[in-house]
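Down below is the structure, laid out as structure tokens.
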Amino acid sequence: MSNKVHLGHTARKRFGQNFLTDGNVIDRIVGAISPDNHHVMVEIGPGLGALTEPVAEAVDNLTVVELDRDLVERLHHHPVLKDKLTIHQGDALQFDFGQLSVPGKKMKVFGNLPYNISTPLMFHLFEFAEQIETMHFMLQKEVVLRLSASPGCKAYGRLTVMAQYFCQVVPVLEVPPHSFTPAPKVDSAVVRLLPYAVKPFPCKDVTVLRHLCTTAFNMRRKTLRNNLKHMLSDDEFEQLGIDSSQRPEQISVQQYVAMANMVCDKKA
């Protein structure tokens, strides 16, 4: 039997499918998620149910978003899960997670995310951060390092700034390739994202912050002065106390927000 087949399902490369099979890792992730009935529990990419089954055991209802029609069909006929699941068949990148919110109940979102869409999916989920209590995701280890990086690190970039603007980022555990079927070619890790109820550095317009970060990190080896010359002048960098000869990975989240707010003020 092919090592891409697990529980009768062949992993689909185009969906980035790698199924978690290590019981100890599963237990640790479920413990970190801490499922309960006081939140709207949401799983992205339930796959063959490695996390779905133990989480569903602990709650009355679990909402799942799954793209693969074959896996959706399996979930609809699952002898235990079918009565507890609310299943949305579709692309999580296009899904309106806001429709799942219930007055007085924030979401706990989790999943073993397809590595080929993890970064754009993070950006999509940040749009719903105010309705989310916690997020726990299995990701490529490299992505977790980027999420949790500090200024000056090679991994520090646009994803770092936006993630840490919206959330406290906490790496939970590292997961080796042999914990999956088929085994991915990269190491994996679980991360906890805790959206801020009150942001430490409020931005006047997140769209401006996002654009500024994209522009700054577009050419990482060039200076801020070079990359942002159409957005901020040398005098404005000086007003902010930011050395414009620095490279984008040397600038803190607080400083990126300050730059974005100055751009907003100029537009007003």
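Positions of Cβ are set from backbone N, Cα and C atoms, glycine also.
ASN18 (S-adenosyl-L-methionine binding site) falls within neither a helix nor a strand when secondary structure is assigned with DSSP, and so counts as coil. Under the heading S-adenosyl-L-methionine binding site, Swiss-Prot lists ASN18, LEU20, GLY45, GLU66, ASP91, ASN112, citing sequence analysis as support.
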In this structure, the one of the binding-site residues GLU66, ASP91 whose CB has the fewest other CB atoms within 10 Å is ASP91
Mapped onto three states, the DSSP assignment of GLY45 (S-adenosyl-L-methionine binding site) reads coil
Among LEU20, GLY45, the binding-site residues in question, whose Cβ has the most other Cβ atoms within 10 Å in this structure? GLY45
